[in-house]
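Scroll down for the structure; my scribbles are underneath it.
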């Protein structure tokens, strides 16, 4: 039964963009419109969603057909399904409310990390790997949402300050996850992908963000290499 829920949730999650196309937050959702905010990765980076969708669908299909009653696969299924169901609704919410989109993406992240922590070492490329990639990208995206919300509602730091604070938050969380959970290098890959894209988006404009993003990417890559050997 859990496998059926994951398969249905994965399908809903992967097809949600067809019903609710999303090209980023509407700048007018914020008190201070966020046009090209420095916390946001370059547009090409969001192409990673295609890989995430396809891999999660493949994982769900394999799990349903070949691992439907296996207890090791069952352990991460409820939190993963919960994260994906919320994710299917997130696109619609993000078009109307920056606040609720921020809240929901953090719930998605927490559930994804719980699922990742419960993935078995067996069938690594069919379960742990896609969940790790998904959780890694959500780690970056969740902190981007914090940075957008803080800057967009004029809370203390301004755009650059919130970009730096969000990068530091993402780096600390990513380091904690990589130090606590073994054999999840694709989590690091997703975080590095996002950090490099932040540097690309700010190249020639906000050098403090560029430098921090690139140094952070190098640090996460090193932790990811160490993690892969665990």
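Using N, Cα and C of the backbone, Cβ positions are placed for all residues, glycine too.
Model, not experiment: these values are computed from the prediction.
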TrEMBL annotation (transmembrane segment) - matching range among 20-42, 43-65: 43-65
Cβ-Cβ under 8 Å with the transmembrane segment (184-201): same-chain residues at least 6 beyond its ends: 36, 38-42, 44-45, 48, 116, 128-130, 132-137, 139-141, 144, 163, 167, 170, 174, 177-178, 209-210, 213-214, 216-217, 220-221, 223-225, 227-228
